[in-house]
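Before any comments, here is the structure.
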């Protein structure tokens with residue numbers, strides 16, 4: 001690969017640092033690019049942007065690559081954060097990492113890299129790209145425990161054709177070993193968590209800065225009022241902690257879970273017990289679809305899906321896939337399927353794409369106990 005120029009998204013973390021080193025070893029001309037996609041945190045105790053940039057520069061000096069910083073804060077707010085707030089305001093629970101990958105890391109970043117004369121880009125994501133018959137497939141990572149294809153399912157053929165995922169073929173333990181072996185200064189740095197580019201702030205405090213609170217009743221499925229919520233945007237389906245109603249009511253010690261939101265009545269419904277029927281769904285409807293191959297799978301196809309990150313693949317049938325509407329029917333009832341999250345389809349290790357969960361249909365009693 002001598003002479004090929006690759007621009008690597010370097011975050012200051014171990015994964016992107018090892019990615020840059022591996023590509024340098026393979027003969028690529030490597031340029032590191034540090035993305036700053038959030039502006040309002042420079043004085044925050046939760047901000048790590050400055051330290052991340054210091055780590056990027058230290059790694060670049062050690063492995064001998066050029067590095068520069070680019071500010072995509074305006075693009076992030078317009079393309080990702082505005083949608084994030086709209087979804088929460090509508091009572092849904094979005095996954096901004098999915099949109100951030102499609103709009104920032106593999107669009108704004110890719111465009112910038114091409115302007116730098118890059119032949120390709122690379123990131124530290126755990127996933128794989130395979131060319132087959134002139135088309136590109138997105139595959140799960142070799143290390144399924146770290147697989148990030150769920151977050152990448154909106155990537156298209158043009159994006160995948162210009163993308164490398166060097167870590168996709170190795171376990172995370174080996175990445176840490178390489179970092180230590182070559183003496184990376186961030187070899188022991190913990191993996192980042194929290195919302196994409198927003199960090200590890202207490203989420204409720206962060207959201208409260210942008211969305212107004214509108215308290216309302218908390219009710220049980222039979223309509224009994226048992227508390228007051230602070231605003232529907234601050235709760236998500238399946239949530240157990242932080243509801244504020246205690247752990248035992250109606251003579252039953254089972255935990256309470258957020259089960260439904262009635263936006264029109266500003267009412268939060270909670271159900272008692274992990275396997276309450278209100279928490280189970282057999283059919284999932286999604287829209288805002290995106291397919292890696294550019295077209296949906298055929299109706300009637302038996303596949304598997306994830307309706308949240310780190311969920312085990314769940315067998316399902318594609319019962320509708322026309323236009324911008326997708327319906328999945330699962331063999332077994334799925335727990336706390338949440339509107340706003342992504343439903344992502346897989347054929348074995350191949351990630352086909354998916355869409356944003358719009359609504360669900362409750363499981364029957366037989367399906368609920370299966």
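Backbone N, Cα and C define each Cβ position, glycine as well.
What you see is a predicted model, and the numbers here were worked out from it, not measured in a lab.
Features reported for this protein in Swiss-Prot:
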- 9, 10, 11, 12, 13, 14, 15, 16, 35, 124: ATP binding site (BINDING)
- 100: active site, nucleophile (ACT_SITE)
- 100-196: disulfide bond (DISULFID)
- 125: site 'Interaction with tRNA' (SITE)
- 196: active site, cysteine persulfide intermediate (ACT_SITE)
- 341: site 'Interaction with tRNA' (SITE)
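Mapped onto this structure are the features recorded in Swiss-Prot.
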residue : record                       : DSSP class
9       : ATP binding site             : strand
15      : ATP binding site             : helix
35      : ATP binding site             : strand
100     : active site, nucleophile     : helix
125     : site 'Interaction with tRNA' : coil
341     : site 'Interaction with tRNA' : strand
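Ranked by Cα separation from residue 11 (ATP binding site), the recorded positions 100, 125, 341 are led by 125.
Counting every protein chain shown, the Cβ of residue 9 (ATP binding site) has 23 other Cβ atoms within 10 Å. Cα spacing between residue 125 (site 'Interaction with tRNA') and residue 15 (ATP binding site): 8 Å, rounded to the nearest whole number. Rounded to a whole value, the Cα-Cα separation of residue 15 (ATP binding site) and residue 100 (active site, nucleophile) is 18 Å. Under 8 Å, Cβ to Cβ, and six or more positions away along its own chain, residue 13 (ATP binding site) finds 52, 55, 124, 186, 189, 191, 192.
Considering only the recorded positions 9, 35, 100, the residue whose Cα is spatially closest to the Cα of residue 341 (site 'Interaction with tRNA') is 100.
Here the Cα atom of residue 9 (ATP binding site) is found 13 Å from that of residue 100 (active site, nucleophile). Taking the Cβ of residue 100 (active site, nucleophile) as centre and 10 Å as the limit, one finds 26 other Cβ atoms among all the protein chains shown.
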